[in-house]
Ligand SMILES: *Cc1c(COP(=O)(O)O)cnc(C)c1O
């Protein structure tokens, strides 16, 4: 469910016509719906009602300050994976006590920043990280709260580039080594072991892989408790998928996912953390783009649009499907025709869709890429010296630019010429 719907023949974002924003801001741009962000956060938060829990939004999915503040004001914590994300979360008003720090390559400097500013816990991903964390904590006279991220060796049945829970992936400590790792962590005076962390991948469309991983976490909890560890918090990661194509079977709902969590882990009486990213932000954002040319090729028509792979890389990177819709609602019964939808970047990979059936479109028409809120703007680059596209947020009948388009001058002046030139 989202708040990008046709009304009176035109696409609206909540109560604002998308075409009106396009006229004010210029294309292409990202557009987020406050109501959809909040709705998705609350689906998780309310489904875990009655359980001691914190929903930590995985902010790598979409990390604009306005998005973070919207979610933080609703009570969300944050899952961060870098010092930059930690500082961004703090700048948006998230207290350190609601931030968890994940990631395989935390440097001593990153750890220092989080320990100094306050942190809910570090999700430690390796034995060497444990030693560095201990050394930094001791040097600062602090004790770092930690969970160890275990790799449960479960096939998430998702795209290979976003599967993280198999033994060949770089993430976490192999679950078979967990007891030894926990013994070592407990022996380090700079660490306080409080729980277990797991995250098996992204865009999962079935509950079974989650359940398999969580069953292993339940078993490990009992084993570690028997070993004398005070396991009181379980961080279960993110990864629940979203329906990118309306024709596809819908992934499980947050309610079903949370019911499974309670069923598999409820008896352990642990505090539960989850880290959804895509499910909160994905369908809360669209990318709006304008047709530059309609070009007829050999046996196919190309829709050349002003958005490109540098703005939204998911199709090029993950073979991802995005629903693409015209901003003017097509008349019912209008004949559709197949288009290859491509951007202006000089790469064949700059292709959003092939043979996509759309109503006839002409130069100047606006289209929207749906489900672009997660892993969209955050993965954008300036490839081909294209400015990062603006981000806009709607709230009811208001909208605001939450990141302006940089000028060409700003982009170019970031480079510096060495003295010998
Ligand atoms: C990316 C990531 C998430 C969020 O994944 P989604 O598929 O966006 O829900 C959560 N936790 C960790 C550790 C991650 O790396």
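Backbone N, Cα and C atoms are what each Cβ position is placed from, and that goes for glycine too.
Just so it is clear, the model here is predicted, and its values are computed rather than measured.
Positions annotated as domain 'Orn/DAP/Arg decarboxylase 2 C-terminal' by TrEMBL: 30-373.
What TrEMBL lists as domain 'Orn/DAP/Arg decarboxylase 2 N-terminal' is 36-281.
For 60, the entry in TrEMBL reads N6-(pyridoxal phosphate)lysine. Sequence-distant neighbours of residue 60 (N6-(pyridoxal phosphate)lysine) (same chain, six or more apart, CB under 8 Å from its CB) are 79, 80, 81, 85, 277, 375, 378, listed in sequence order.
Under the heading pyridoxal 5'-phosphate binding site, TrEMBL lists 239, 275, 276, 277, 278, 375.
Annotation comment: TrEMBL describes 278, 314, 318, 347, 375 as substrate binding site. Listed in sequence order, 159, 161, 162 are the same-chain residues six or more apart from residue 318 (substrate binding site) with CB atoms under 8 A from its CB.
A C-beta separation below 8 Å, combined with a sequence spacing of at least six in one chain, links residue 346 (active site, proton donor) to 384. Here TrEMBL flags 346 as active site, proton donor.
Proximity of the recorded positions (239, 314, 346, 347, 375) to ligand 1: a Cβ under 6 Å from the molecule is found for 239. Those residues of the chain, other than 239, 275, 276, 277, 278, 375, with a C-beta within 8 angstroms of the mean position of the pyridoxal 5'-phosphate site C-beta atoms are 58, 61, 202, 238, 240, 279, 280, 281, 374. Listed binding-site residues: 275, 347; maximum Cβ neighbour count within 10 Å falls on 275. Secondary structure from DSSP puts residue 277 (pyridoxal 5'-phosphate binding site) in coil. The Cβ of residue 239 (pyridoxal 5'-phosphate binding site) has 29 neighbouring Cβ atoms from other residues within 10 Å, across all protein chains displayed. The Cα of residue 347 (substrate binding site) lies closest to that of 278, out of the binding-site residues 275, 276, 278. Counting in whole angstrom, residue 314 (substrate binding site) lies 13 from residue 278 (pyridoxal 5'-phosphate binding site) by their C-alpha atoms.
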